[in-house]
């Protein structure tokens, strides 16, 4: 039977490795998460134990194993239209405001996970175009993630009933999805055409991505150290067009991390505008 226990030292070494690779800080008591996320890789890579896997990952003996381990640790389930208010604010305030500039609107969904956020943004855009014909110029969404397997899933746009049931109304399911067989549904092409998925580690430079009008970076910063949070936020400030907006998760704040944004209360919810 494969051993799935790990020592405190192995956990500390792997934690340091993970933070160096993608900024995620595990803390002192997430051994259970490492075991649950990485145990399947022990069998996949034909290793004797989880300890062997962690040692190989930290030592850099197998690049494919390293990538798979980071991939497993950064994969998170998410919801459609999470918290609702960001998408209401997008439709009622941000899109009309940015559209007044009479140029293409560019939106970035950072750490897009399994695709629910960027596709929710795309659906919001299509609903806005239908409700207010002629309001919006061309709109494009860039969705990024560090996980190659998540990006592959996003591009396919196929979801099972469990995933579809997390925040997606029956009306939107009928409007924006088509049957994919085996109880699954696929995002329609008119939604997918709005989104370009690409790999991006938030620790790296964003300069080659260009400038955006709106950035969604929701429920991501909570995994980072204060130093990493500041780095990400300041880079995102540099990636916004003048007057651009940043949307964070409901429990996230900029306090003490950057002075490049001003808070905008939207009732409900808070967003941030580039100074």
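Keep in mind that glycine also has a Cβ here, set from the backbone N, Cα and C atoms.
Note that this is a predicted model, so its numbers are computed, not measured.
According to Swiss-Prot, 76, 78, 82, 117, 201, 202, 218, 219 bind S-adenosyl-L-methionine; the candidate from 52, 56, 145, 179 that the record adds to this site is 145.
Taking every pair among 76, 78, 82, 117, 145, 201, 202, 218, 219, the residues recorded as binding S-adenosyl-L-methionine, the greatest CA to CA distance is 22 Å. Within 10 Å of its Cβ, the residue among the binding-site residues 145, 219 with the fewest other Cβ atoms is 219. Averaged over the domain 'CheR-type methyltransferase' (1-275), the predicted model has a pLDDT of 93.
Its Cβ placed at the centre, residue 202 (S-adenosyl-L-methionine binding site) has 23 other Cβ atoms within 10 Å.
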